[in-house]
Amino acid sequence: MKNASRIFKGPLIWILLCIGLIIVFLQFAGSGNGYKDIPTSEAVSIINSSKKLDSVTLTDGDQVIKITENENKKYRSYWVGNQSDQLVDRLNDRVKAKTLKSWQGENPGQSIWKALLINFLPFVIILLFFLWAMNAAQGMGGRGGVMGFGKSKAKVGSKDTPKSTFADVAGCQEAIDELQEIREFLAEPAKFQRVGAKIPKGVLLYGPPGTGKTLLARAVAGEAGVPFFSISGSDFVEMFVGVGASRVRDLFEQAKEAAPAIIFIDEIDAVGRHRGAGMGGGHDEREQTLNQLLVEMDGFDVHGGVILIAATNRPDVLDPALLRPGRFDRQIAVEAPDLDGRLKILKVHAHGKPMADDVDLASIARRTPGMTGADLANVLNEAALLTARANLPVIGNSELDEAIDRVIAGPQKKTRLMNQHERLVTAYHEGGHALVAAAMPGTDPVQKITILPRGRALGYTMVMPDSDKYSQTRSELLDSMAYMMGGRAAEELIFHDPSTGASNDIEKATKVARALVTQYGLSARVGTVQLGSGDTEPFLGMTAGQQRDYSDETAKIIDDEVRELLENAHQEAFDCLDANREVLDELVRQLFARETLSKAEVADIFKPLKRWPERGAFTGSDKRVPSSIPPVKPPQIAGVDEDAPEVGAPRRGVIAPPTPEPGGDLPGDNPGEWEPPSDWQPPSVGGGKSPEPPSPTHPGEGPQPPSNGNPWGPPRS
């Protein structure tokens, strides 16, 4: 409907309508006066007959024959070729025979109006078209007009624009506080000028995708009470040279005229990347645009009252001149929300969605660590879609569980049929991941195991921490590598012929091992040094611009260390599965019976599990001996019970995001009936053989340590 009204408002439709009316008028003007059109042959027959005729008129030029038999019978036709000579002779004969009163020939020529119309109509049409094009260029210069490619494409917020407020934003309170202060700057500038404070010229919002950067900007637009100009970074660069800089100038001119005002540039990294990179040189179009942006923000001629808010996912590629104080005075990180933030986000998005009485949003928040606001909104939307698909009145826990699985791993492949052997291999593969994760002390809890195909996986083991973790220890990294290799080790142990299903596990484990050696300085042989430059060329991709800053000999040492770490993790996983073969078989039997096992069901199966001990101390050198003095006790926090039992979730960092992957420890459950000594070492790294569990009738009479004081080999390292 809007497109139709836009078409009828334009002049083009009226021009075409006028031309059509003129053609119709000329058509009807040339006909009429009561004459009936007849074929040429019939007209010639009438003239050659002996009927009495009142008059005949031959009009040259148009070659028209008009025959009047009487007042009620008038005919019109046309002659062709040289018929006129024959017609004239016949008409003269009829006049002599007195069967025709008279005839006349006419050669009137064209009328002056018709001649003018035919000669000048094409020029009139061309002139009207150019007038329309120029009018469109002036009226739509900023919206893609012919002459308006240098105009800004910014959208200006109006009263009719749907508004978001800070009440619609949750999970990033620090960013909200900073942006609310920007709103106060614009509303009450005297309050800040009284103490000598200056209004910030720019605010940069950066963080992972889906954390709410654009939503924060919309909230500022909804509450600022000043004109709000929004534009994407990619809108500045077009096919014409200089368009980007022209649009920057036009954008700031519009904002200055409407000051105080706010400009929001989304994805500013499209124009704000490092200058001098890539193949464009100093005359690259993006560089001209960036230079103009730098001048407008803090150049020679700057007027106050305009605040620039920008958002990006990659602050590392932005030009340093853009980030300095005086341009982007504030740089606000918008990270993935913590537990409390996720709960608030779920409450915001649950508004208007009917929930069952037993739905606990706090439980959903605990089960979704690492998810962004967009992920959580997608979870609730998927749950609502599943509820509507099943024609249910309210959203229940089962729909929310399925929604979480769909967001993490994709929809279930109900039509994919696997034979029993493939299902058995998948069950042992996922069971190997889960068992090794539960046996290692530094892994995350196993939340769910399934052998139902979902997404691109034949099955998956969901491993997530019970609380938010922001770092990882060396022991946790090594344990995570062991559970990543658990699936491959299980296939080798059981089927003696591993499959290709562990390719993604090997990829993840290799990344962890290489980061452990080259980034984190956690290899005793390489030392505490970062190898490999992390700087990248903005126009050459993520890693194409990286340079190796170490020798070939060091590269060989790195490769050897990575291989050794992977081999140790692989062997630890194999030994762990071998020592817990009965538990692994029971887990597979339960997977075949139920197809999906929850956290509580897995904990029940793993009660007799033989768990691996903690790793020994690591300092990277024999010269650095760790202290035996324990750390100080942190101060008491009001409202926190220091003596309350801790939730058994080990620390977890950014290495393994909350995606379906193998592994996990089970917090809060009782240990198995047998555990090796705390300093026991698996045979894979030089330790002794797995000791037998003590006899239940004679507790404490298990195998005794050797007399040399080294009970079961060197501690885990």
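Each residue's number is its place along the chain shown, starting with 1.
Backbone N, Cα and C atoms are what each Cβ position is placed from, and that goes for glycine too.
Same-site candidate for Zn(2+) binding, as annotated by Swiss-Prot with His429, His433, chosen from Asp340, Asp357, Asp505: Asp505. Neighbour counts of Cβ atoms within 10 Å were compared across the binding-site residues Gly207, Pro208, Pro209, Gly210, Gly212; the minimum falls on Pro209. Cβ neighbour count for Thr211 (ATP binding site) (all protein chains, 10 Å cutoff from its Cβ): 26. Cβ neighbour count within 10 Å across all protein chains ranks Lys213 highest among the binding-site residues Lys213, Thr214. Residues of the topological domain 'Extracellular' (31-111) grouped by DSSP class, helix first, strand second and coil last, total 23 helix, 29 strand, 29 coil. Per-residue pLDDT, averaged along the topological domain 'Cytoplasmic' (133-717), amounts to 78 for this model.
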